[in-house]
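So the structure is just underneath, and the comments pick up after that.
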Amino acid sequence: MSGLPGARTCPGLGEASDLKFPLGAKFREPLTETRFQQLFGDAEQAPELLAEPRSSRLRRRWRLRARACSGPGAWRVLQARLPPLRWLPRYRWRAWLLGDAVAGVTVGIVHVPQGMAFALLTSVPPVFGLYTSFFPVLIYTLLGTGRHLSTGTFAVLSLMTGSAVERLVPEPLGGNLSGIETERLDAQRVGAAAALAFGSGALMLGMFALQLGVLSTFLSEPVVKALTSGAALHVLVSQLPSLLGLPLPRQIGCFSLFKTLAAVLTALPRSSPAELTISALSLALLVPVKELNVRFRDKLPTPIPGEIVMVLLASVLCFTSSLDTRYNVQIVGLLPGGFPQAHLPNLAELPRILADSLPIALVTFAVSASLASIYADKYSYTIDSNQELLAHGISNLISSLFSCFPNSATLATTSLLVDAGGNTQLAGLFSCIVVLSVLLWLGPFFYYLPKAVLACINISSMRQMFFQMQELPQLWRISRMDFAVWMVTWVAVVILSVDVGLAIGVVFSMMTVVCRTQRVQCLALGLAEGTELYRPLRESHKLLKVPGLCILRYPTPLYFGTRGQFRRTLEGHLGLGEGGKETPKPDGPPDAVAEPVRVVVLDCSGITFADAAGAREVVQLARRCRDAGIHLLLAQCNASVLGTLTQAGLLDRMTPEQLFVSVQDAAAHALERLETTGPKTCTVWV
């Protein structure tokens, strides 16, 4: 316990007592901020500390950074920007190599059918899904900090990209395009998808340059999970025409889900029995295999590759039965071997696609950063959110030169990589080897693959996203506000569209934070019997309150949105209404507050920041208290808030001797002041 000189013992409850000395111990003198800096800070800078301009602090910070520039400092920066320089020398070859190889090959096998499936979701030919499963994975292996993260094609991004591509390059109204016209349309759509990847990558690099990795926090967990769950429903509905063999145009924009359902129901009599049968058999295989992989993940040495098995079986069946010619079943066709020629996307399209690139960039970073954080916490390592911005920005930017569409970390393959025993980013290289072998040699084997099978793969890959809805009852019990954020985001995504729903979810999530700051209550504090602790008077403790002394805690940031509430609350507690006629409203019986407030202690520990409007409100409070004869003391202001108040002119209304390091010090000083002007009595609260 700490104490003040000249301590006395506290009498029994209800008697006169000196509240500075609750335990009868020797107490130190109350410490102001200036005195604390003189004793424990830099004594030479103590007199100027409170009034130091913000520009001086920034210049001092930049000087410290400049001194840090050296050979070792440059090496640390290089290690941060190229993570393999940090983790590869410590790689445990005997313990990790086999796990990385098995996991990488397993994920690569899944990437092949899934990449082609998500390419159709993006409205580009299937081979471009293979490109997107190769280049981004290779780049992230060199730049990413998530050891267990698997990148590549992602259903939500493919859906968002496909909607933008269909809007930018719509299919001609007449339909029935010739081969040359179809190739020209595909080339335009590939260019639009690559431009979207280029734009989103450039935006992420700009965010990295501004060190905006913290922006990932604005996409809260309920928003991300509701977004992916709602997008999974969009994916399911968008694949219905392919499942049923209906050549329907893709619906885009708001209410696209309901438009697609209406079009499918209208055209249902024209569905293809052959493709419907293929779809039913494919789902009958894929869904149980997914369940087996989940239920027996601890017993299986590696997950069962149901997708590649289904692809091989369907290709053999279509080839031997000539389903493409006899029943007009849509097939993948020829996959060009090798790599596309590198070229810049059409930069003239960038102004048109900027509005689409921004939500894609935000979803890419939010999903990837949240996935990386989950597995980093699970396996006890750290990730660098700004480095993740750089990795995904360069990944999208460079891969767009090879006609890839936007990519990010993926939920399904990341979980698969972990279950298969992956340990580091090296697993990505083995995944690239599998995709590379398909691009160079194995592509012709997928010629007869029915597109209906790819649609089934799209749907089965949404399993994890659909099952996120199982968390809603628990979320309701934990936080009903987060439950509301989840539901509002999900409903907006399903009814409107993915990008509009994302915007609504982010805005609503931030509005809930603002509303919470508006609903906090200013707490009147009292001294807990026999201690030096000050607790809210409403709590069920025996608390002591001194007539003439008011100790208040304001537990929320002080900014333009809360300044009015702050003013009204303080007026109510201190009787500073118009004409001074308003009576105080502290928590307690009327007899405990009969004497007007002469000293007020404002506990600023809950004020994490203050803007100019909030700071001016405190300055006005100091002026009004001085005019009303009330001695105002501020306690426990952090450095940022204290600097803002100082710049707003607080020291013109108060002296540094009115700023204290803690509530206990300020209360001790207040009691000393009251001793000279009033009786030393205390009121007991139960």
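Quick reminder: no glycine exception, Cβ is built from N, Cα and C everywhere.
The domain 'STAS' annotation in TrEMBL covers 539-670. If you take every residue in the domain 'STAS' (539-670) and average the pLDDT, you get 80.
Outside the transmembrane segment (95-112) by six or more residues, the chain places 130, 133, 137, 150, 152-153, 302-303, 305, 307-308, 311, 412-413, 416-418, 420-424, 426-435, 438 with a CB less than 8 A from a CB of the stretch. The annotation transmembrane segment is assigned in TrEMBL to 95-112 (among others).
Per TrEMBL, the feature transmembrane segment maps to 118-143 (among others).
Positions annotated as transmembrane segment by TrEMBL: 190-214 (among others).
Look at TrEMBL and you will find 358-377 (among others) tagged as transmembrane segment. Beyond the transmembrane segment (358-377), the same-chain residues lying 6 or more positions past its ends with a Cβ under 8 Å from any Cβ of the stretch are 144-149, 151, 154, 156-157, 160-161, 196, 199-201, 203-204, 207, 213, 215-216, 219, 221, 224, 227-228, 383, 385, 388-389, 392, 396, 406-409, 411, 414, 418, 498-499, 502-503.
The feature transmembrane segment is assigned by TrEMBL to 428-449 (among others). Distant neighbours of the transmembrane segment (428-449): 100-101, 103-105, 107-109, 111-112, 115-116, 126-127, 130-131, 133-134, 137-138, 140-141, 150-151, 311, 314-315, 318-319, 324, 331-339; these residues of the same chain sit at least 6 beyond its ends, with a Cβ under 8 Å from one of its Cβ atoms.
Long-range contacts of the transmembrane segment (483-511) within the same chain: residues 156, 159-160, 163, 218-220, 222-223, 225-227, 229-231, 233-234, 253-258, 356, 359, 362-363, 472, 475-476, each at least 6 residues beyond the stretch ends and with a Cβ under 8 Å from a Cβ of the stretch. Among the features that TrEMBL reports, transmembrane segment is placed at 483-511 (among others).
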(message) Please report, as numbers and ranges, the same-chain residues at least 6 past the borders of the transmembrane segment (190-214) whose CB is under 8 Å from any CB of it.
(response) 122-125, 128, 161, 164-165, 168-169, 344-347, 349-350, 353-354, 356-358, 360-361, 364-365, 369, 384-386, 388-390, 392-401, 403-407
(message) Counting by DSSP secondary structure, give me helix, strand and coil numbers for the domain 'STAS' (539-670).
(response) 58 helix, 22 strand, 52 coil
